[in-house]
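Listed in TrEMBL:
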type	residues	note
DOMAIN	10-69	domain 'HMA'
DOMAIN	215-316	domain 'P-type ATPase A'
TRANSMEM	91-113	transmembrane segment
TRANSMEM	119-138	transmembrane segment
TRANSMEM	150-173	transmembrane segment
TRANSMEM	179-197	transmembrane segment
TRANSMEM	332-354	transmembrane segment
TRANSMEM	366-391	transmembrane segment
TRANSMEM	659-676	transmembrane segment
TRANSMEM	682-700	transmembrane segment
Amino acid sequence: MTKRPDIVELEVTGMDCNNCAMSIQRFLERKGLEDVMVNFQTREVRYRPTDGGLDPQEIRNGIERLGYTVVGNEATAGSDRNFSLTPGQRLMICATLTMPLLLNHFMMVAGVATPLDNGWVQFGLTLPVYLVGGLHFGRSAWSGLRERMLNMDVLIFLGATAAFVYSLVGLYWQDPNYYFFETAATIITLVLVGNWLEARAVDRTTTAISALTELKEDKARVVMPSGALVSLAVEEVKPGHLVRANTGDKIPLDGTVLEGRLSVNEAMLTGESLPVEKAKGDRLLGGSLVVSGQTTYEVTETYRDGTLARIIELVKTAQADKPDLQRMADRISAIFVPVVIGISVLTFLVGWGTGYATATQALMNAIAVLLISCPCAMGLATPTAVMVGVGRLARIGVLIRGGSTVETFAGVTRIVFDKTGTLTTGQLDIGTFETAPSHDPRLVRRLIFEMEAYSSHPIAGSIRDHLWKTEMADPRDAAYQSFVGQLNVEETAGLGLTSGPFYLGAPRGEVADADVVLKRGDTVLAWFTLVDELRPGAADLIGQLHDRGLKTVLLTGDRKEKADRVAREVGIDEVYAGQLPEQKLAKITELSDRQPTAMVGDGINDAAALSRANLGISLGGASAAALDAAQVVLMRDDLSLLVEGRRIAELTLRTIRESLFWAFSYNIIAIPLAALGYLNPMWAALFMAFSDVVVIGNAIRLKRR
């Protein structure tokens, strides 16, 4: 089987909103590239090349032809683009030259004459603004037109150019009534101000990714076979290498403690605020901080396959994924610019043709329509809220696979729980232990202990621990040798073990309420029950979910009596017990088809059911199986994360709706006002510039809600 090409990652600057990202994404998809993901907040573009596809350099050049900059692009490293102004420099130049024009405009309105009334002076101040700022938008607009993608910069460039050209006509005629140089300059400067504020605000929405990235340790101190310590880049360290870590160090890669005791801070990875004690055999997560102690540990994963890298990848993917609400906004944004241009043309023709306005006023109204329209607000509404919401979830220890998952999480009305390891701790202990009166209990207990000695089944450890504390026969005793004969243990289905005539495993109805029986032929020699304690907070969790109007269901393979007991203790009314894996899958399918349903499990034994539910939620911590099995992963075995995670998902969805309502309402109200002449182009540019900031500010507010 041919290996698929690796994902290519590019850093691209110049993207202001989701519409910019969409133009790059559509360009790459038209070129036949796969797995395209563009995130304007993190300035990241990713795609998977296809066999026989475009040369990577052609892809970079194509993105730059759209008006964006690919960081590190060799083809443009020595070009004029390499000497382009930064956004801050561009804004400073334009604002410095625009301020005198704007002051002169206010003085003129007040009837005060100034030297700047001269048209040539105004032209001299406006021309650099147009060349530095206006053509910045013009290049992006032209690139979009060449690729048949109309973007926001088309509207800005058309508005500023119309005012500038109209002023040039007035300058040629020497008619001050046609001077609108301050309008052209102010339009450009105000939009640059808005973009600058927007960029600063967007940076505040990406703090989760930044915080996770800062956890990466670039070097690892590897213990060589000679005992010497060598500092290697984490990318060079392989599984099996031994790494030393001391107090104050970051754990560079995932591994298992071989020697030493230490206390580590895993807060950014699991949300656990208190340090976690680690000793021999315990797992260490790359990116955690050694608070005290020291260790030598064995690396188990490369950096790219480690927990930190997987979490970063999961958060990035989640923040770039689009909920259905965003897809609707994207469809509207795709036709928004041509529709606005059409409305602008009609505004001029109808206003002038009907006598509602003079030619000059009709042109100003048409320009105002171009400038006040804002598809960027619609494009920013969802990704900024998703960026903040997913980041906030990650900080408390809830990883979520995408923006669409946020929408699903907020919309589920029923949650199905597995029992063992989810509502209960999964740490089974022995309850009642009975032996048949006709047999020596010491012999029976020794036989069970020896049969379970090498079993890897989770229950085997609990059985051995229990029997070790009891009185058992010495395996060398003649009585025991006679009782057992030749011990040759073989595993059978489930937890079953056989040795000659002996069977140790699940009962087949021989003893009521027994979980495990020991038989010789058809004769029962011993039986015992297993006890699984409720997870702390399980009952409180179910109560909180019921208070929020959610239905809860218990779905388990355990016996009905045990399932009913757990359901009573936590407050679940609907119980499906004795379910085989295929029956679980069928039941989840049935429930999910009826209403939005989430399934909560450990991500290991119930991966199929998790994937079939409308939403799979894994309580498996930072295990690889948990990260792969479900759309939502609770990084700590703390059920309260489920309630808090859903609350944040609901807040995120509410924020998206609020921002989209603002964006649509703004355009629906503002465009008619501009067309009717109630807003001049300068006010239109101001409102447009700050409409984006309102949307981003609403997303940032989500951090504290």
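Glycine is no exception: its Cβ is also placed from the backbone N, Cα and C atoms.
When DSSP labels each residue, the domain 'P-type ATPase A' (215-316) comes out as 17 helix, 39 strand, 46 coil, counted as helix, strand and coil in that order. Comparing 119-138, 150-173, 179-197, 332-354 for CB pairs under 8 angstroms to the transmembrane segment (366-391), the maximum falls on 332-354. Only pairs six or more apart in sequence are counted, and the transmembrane segment (332-354) with the transmembrane segment (91-113) gives fewer than three Cβ pairs under 8 Å, not enough to call it a contact. Within the same chain, residues 85, 90, 93-94, 97-98, 100-101, 104, 153, 156-157, 160-161, 164, 167-168, 170-171, 174, 176, 179, 181-182, 184-185, 188-189, 191-192 sit at least 6 positions outside the transmembrane segment (119-138) and bring their C-beta atoms closer than 8 Å to a C-beta of that stretch.
Within the model, the domain 'P-type ATPase A' (215-316) shows a mean pLDDT value of 88, rounded to a whole number. With helix defined as DSSP H, G or I and strand as E or B, the domain 'HMA' (10-69) counts 23 helix, 16 strand, 21 coil.
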